[in-house]
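Here is the structure we will look at.
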């Protein structure tokens, strides 16, 4: 028996079937580094339109987690896709380096005895070490960027740039010093930014406290009475007993009705709607004597329960009728609303009582409770209230309360002298900051769209921004304050530039070591050099200004405005927020044109990632077991607008999808063996109809993918590429062409037409997957035939695809109908295989009973219909002649019948044909194969 295998054009490629990504990816990274890929991209892109994605800096502390990996991969996919789309898309990674977590790490390691200078030195060293570790991990993910020259908020140039940004805001009149309640952490010993506050359940002791009336006559008159028949008091409800020693006022709502309730021993003032619930809580009986509008009680004085001072009634709209009494006790030093209300009534800063120190301990001079920690003092305060007869009720509740995101300990509002950026302060020119920021939000595109309303609400309702901190490791606020007046030096902006120049050379240490006389000369004795540092959100929030326009100069020529900021949804109150405020203050516009928000990672059951639950996914482990491309494929396949589920099982499914895409690429490469595009590429008009359709379909898909990439819809890219590989290629086109590819002459038009299509598809596909499967795309690139540059990323979207000409007989709609017919035939072939009627598809002969229109369509393929259906014979018969045993299909006007062929199997093409054995020199093969071997070769027109 003759072996005809050698006469076939069998697929051949060195591209490995097994990816071996954990071993192969580091080699590809080395190659990118050796060819200077990032630098080459900058060179070829210098005359292109620019696209700037500005990196939100991760904190330089600890190993990266799955959220970091997700974020960096999303950014890389955007930068790569924009590069392929013809943009110059630089990517400068950044790190956030100052702040308490690093200072805390240094204190834990080296102790708290260190000098401030030594602390800063060690903090800088620690941050540098952490950056190197994280950088290695980010590079391992395949993220292309300027890793040799990242921006760091502790770079001298960036520290100086931040001071200059602050100077701009001072110059425009946005910065002021004020006494205001700010989020305060006793463990940090500092104010906290809004973004550093998280909420958790806390048990608190609630108290109802009676404040005896001081102005009896005024209270009686307000309720329309001649006098009060018995002692009277107003009752407040609070969850913070520790604030009672600082009480200075009582707040009621001007529009609520308040009742004077006779409880026997005394009269109580309560919100009318809450009388019943309050009396029940106090276990009292009572009746309403009179009622009055809240506004009628304004400025009536009551007495503090245990201190000899008055608490007047102030009207406030924030009072609610939920839990409580409808009366809020006001400690202006420890509540934002209280502070604003008391200031509105004329209270000056010197009158505001601030008995709680920075460590949470009452000042020693506070009667009854001096020297006690506030949380521990609560029982003593309750006991004192009971002792003086002011305690109406107490109980313990669990409620959501603000905590420090680092220490997980409860916070308080605490009025301290801090530096603020005013939200409603009138600047030297233009609108106030809040107004500017709200307008800028309207001019910004949000992905997903709901981010706009969220950020708008946050800006509309936020207080002034406290930008000062009382820490060592931070960019200084380089102000000189007059010792007598407390005013800023009149040359502050000029002096800040002098400081910035020094910081540019020596880092922030230049300020802390500076002798004031160096800058102020003889004036130095009149001024204090302040020691406050800037909020770290000011560090990262000004990077648009000192990175894009300064240290890296990657911004647009029109100014330091990025095209895109991309971070997790928590950054609406973090980096997006602080950047918006600084951008609007300095440049009167947002520092970004578009904001993209991604959700957080959860496990497959929707639970938060937690070491205690054992459901965390470590990027390093994934890289070492499955490969970074699998992680990248998971990112692309997941809709990032909500929570993103990830687990070992989910990643395994991504690995399965990866194999299908890789196998498709391998099939394409193996069937391009011996193909030289410079020599063998056919013009579109010389190609077979099916091949022209395949190239046209590829072009249509590329247009869709370009749009999905430009709109950051990566899950659609993944879905469409995967379906194209599995269904349109693997399930249709690639199956059909195998016979022609393997059995026709190596240089025949039939085979070269097919290879031309495969070449075009490969050139397009490798680019489509390049932003997602960064390593695999570059690996495929090395195996494609023809001359090419070092990396797929040095190219644009493929331009060699051609469209089916207008009026083509076998057009897109035609092949859609053929695909539907083939799907119906495949279904019946599978049924016959299951029933053991046939062994394989080529053992079958199919008869199609088609209506007139479909019959005409199928007839256009002639004898080549069998190659499309991958059966040994196929015939088309009028629908009316269908026998009873013909199978109905989902295609309208089509029935079909599959029978086992009665002919002999060809030993070369495996078709069962009547003419097998008719050629004496080749008795084992069919006439078609004989012609392909010894004659002029078969001619194909369609498939």
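Note: Cβ is positioned from N, Cα and C throughout, glycine not excepted.
Listed features, source Swiss-Prot:
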type    : residues           : note
MOTIF   : 58-68              : motif ''HIGH' region'
BINDING : 567                : L-isoleucyl-5'-AMP binding site
MOTIF   : 608-612            : motif ''KMSKS' region'
BINDING : 611                : ATP binding site
BINDING : 906, 909, 926, 929 : Zn(2+) binding site
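Sequence-distant contacts of the motif ''KMSKS' region' (608-612) (same chain, at least 6 residues past either end, Cβ-Cβ under 8 Å): 65-67, 600-602. Beyond the ends of the motif ''HIGH' region' (58-68), by six or more residues, the same chain brings 95-97, 99, 101-102, 105, 127-128, 130-131, 133-134, 137-138, 152, 568, 600-601, 609, 616-620, 646 to within a C-beta distance below 8 angstroms of the stretch. Distance between Cα atoms for residue 909 (Zn(2+) binding site) and residue 611 (ATP binding site): 58 Å, as a whole number. Cα to Cα, residue 567 (L-isoleucyl-5'-AMP binding site) and the residue listed as 'ATP binding site' are separated by 23 Å. Each of the binding-site residues 906, 909, 926, 929 was scored by other CB atoms within 10 A of its CB, and the lowest score goes to 909. DSSP gives the residue listed as 'ATP binding site' a coil state; it is part of no helix or strand. A coil conformation is recorded for residue 926 (Zn(2+) binding site) in the three-state DSSP classification, outside any helix or strand. Comparing residue 926 (Zn(2+) binding site) with residue 611 (ATP binding site), their Cα atoms are 66 Å apart once rounded.
In this structure, the C-alpha atom of residue 906 (Zn(2+) binding site) lies 62 angstrom from that of residue 611 (ATP binding site).
Cβ contacts within 10 Å of residue 567 (L-isoleucyl-5'-AMP binding site), excluding its own Cβ and spanning all protein chains shown: 20. Annotated pair residue 929 (Zn(2+) binding site) and the residue listed as 'ATP binding site', C-alpha to C-alpha distance, rounded: 64 Å. Within 8 A of the CB centroid of the Zn(2+) site residues 906, 909, 926, 929, the other residues of that chain are 743, 907, 908, 910, 911, 913, 916, 925, 927, 928, 930. Under DSSP, residues within the motif ''HIGH' region' (58-68) fall into helix, strand and coil as 3 helix, 1 strand, 7 coil.
Around the residue listed as 'ATP binding site', a 10 Å sphere centred on its CB holds 7 further CB atoms from the protein chains shown.
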